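See structure below.
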Amino acid sequence: MGAVNSSEAESTDELHQDPEAAPCHPSSSPLSPQLSLTRGTQSYLGPLIRVSDPYNILSPSNSSPRVHLSSRLQSMSNAASPQWSPSSFRLTGDHICTEIHFIRHAESSMNAKPELIGGRSPSATLTSLGKRQARALGVHLRSAGTEFDVVYCSPLERAMQTAHAVCQELDIPRETVEVTEAVQELSQGQWEGRNRCEIYTSALVPIVNSTQPDFRAPGGESQRQVEYRMIEFLNNVVIPRASSTLQKARLQTESRKHLNKIQQASTLVHPVEDMDISQAKVWEESDLSSESNFKPLLRQKIPNSMSSSSLNGSPEELHSDVSSVPYTAAVISHGMAIKCLLRGLTGSDPQFTTHWCIDNSTVTVVRHSTRKGWEIQRVNDTSHLRLL
């Protein structure tokens, strides 16, 4: 124990600040740590993941031993759009599906120096290999027919370079890429650029491991803090935007379908006008003029090229098609940030981030459904690297 104390003292002298475990305060994030109700000490039960209730629609059970905190909802970025609320999209039978492709940036100059602590390293740029990786990813996504409704990106240069290379192959204008600090890398504070051997001593490593995910370097971030901001970004930005976009698409499609039916019906409402007197008399005396037989006749008369079913489908097909098509977003981020997100979504052990690998330029896909909650589709997909 004395050896540990002396080692900590040396670290303090060198860095002028001890590494610390970030204090956990209950916040309004759906993954906020929840206070234990046990008397005495205030221990944390860990993040509460409401996979089956992503928008906190269901009221908490009275028998639950945890304190449920409501999530904050942000208004949509478009000022003209109404403020989003959970009830806005709880329509009967509605199924909103969002697919998010997390892309780690391609190899950077800091990745080529594994002996150094990277963190955010804002000056790091893509290596020649990294540029080829990013282009190969774009080619692979294009050949697979992947289309993104929106592209988000970390403000760090290596992530921006990756995003621009991928978007160029997908014919996505680079000015449409939305930059957000919410998905940038975990900050290592004063340790960034330092040699790992100097920092992660035999005395410090056990302390780091035992205090995860709340350990943070001097002036840096903890894994829990990164996890929270990533989850808040999904809950407050991506999911509401997906819901709003898909709802508008569904309403527009239904409006077009309804308008087509009105236009087509208007040309056949008075077929007698195109008949001579004898034909009109037969029409009026026949059962075909009755209301019960008029609608089937309309469906037979309408050409296939103009029929509502060929244009937009039946109401059932329309609803099924629009609601089941996922809203697809790309997020160009960083290795540790993506690991922290996955750990939070799965409720995994704090050591999760040390056992999973997220390589440069790889794709990790998560999907959110209003029926099933969060699902992990793919992790560390390296398919595109075969093109190198």
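Yeah, the Cβs are placed from backbone N, Cα and C, and that goes for glycine too.
Pulled from TrEMBL, these are the features on record:
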ACT_SITE  His105  active site, tele-phosphohistidine intermediate
ACT_SITE  Glu185  active site, proton donor/acceptor
BINDING   Arg104, His105, Ala106, Glu107, Ser108, Ser109, Met110, Asn111, Arg158  substrate binding site
COMPBIAS  26-37  compositional bias 'Low complexity'
REGION    1-37  region 'Disordered'
REGION    61-86  region 'Disordered'
For Met110 (substrate binding site), name the DSSP secondary structure in the helix/strand/coil scheme.
coil
Which are the residues of the chain, Arg104, His105, Ala106, Glu107, Ser108, Ser109, Met110, Asn111, Arg158 excluded, whose CB is within 8 A of where the CB atoms of the substrate site average out, their centroid?
Ala124, Thr125, Leu126, Thr127, Gly130, Thr162, Asn360
Let me know the largest Cα to Cα distance in Å among the substrate-binding residues Arg104, His105, Ala106, Glu107, Ser108, Ser109, Met110, Asn111, Arg158, as an integer.
15
Between the Cα atoms of Ser108 (substrate binding site) and Glu185 (active site, proton donor/acceptor), find the distance and write it as a whole number of Å.
13
Taking every protein chain shown into account, which of the binding-site residues Ala106, Met110 has the largest tally of Cβ atoms within 10 Å of its Cβ?
Ala106
Between His105 (active site, tele-phosphohistidine intermediate) and the residue listed as 'active site, proton donor/acceptor', how far is it from one CA atom to the other, in Å?
11
I want to check the contact list for Arg104 (substrate binding site): same chain, sequence separation of six or more, C-beta distance under 8 angstroms. What comes out?
Ile332, Ser333, His334, Gly335, Ile338, Ile358, Asp359, Asn360, Ser361, Thr362, Thr364
Integer Å distance between the CA atoms belonging to Glu185 (active site, proton donor/acceptor) and Arg158 (substrate binding site):
11
Cα separation, Ala106 (substrate binding site) to the residue listed as 'active site, proton donor/acceptor' (Å, whole number):
14
Under DSSP, is Arg104 (substrate binding site) part of a helix or a strand, or is it coil?
strand
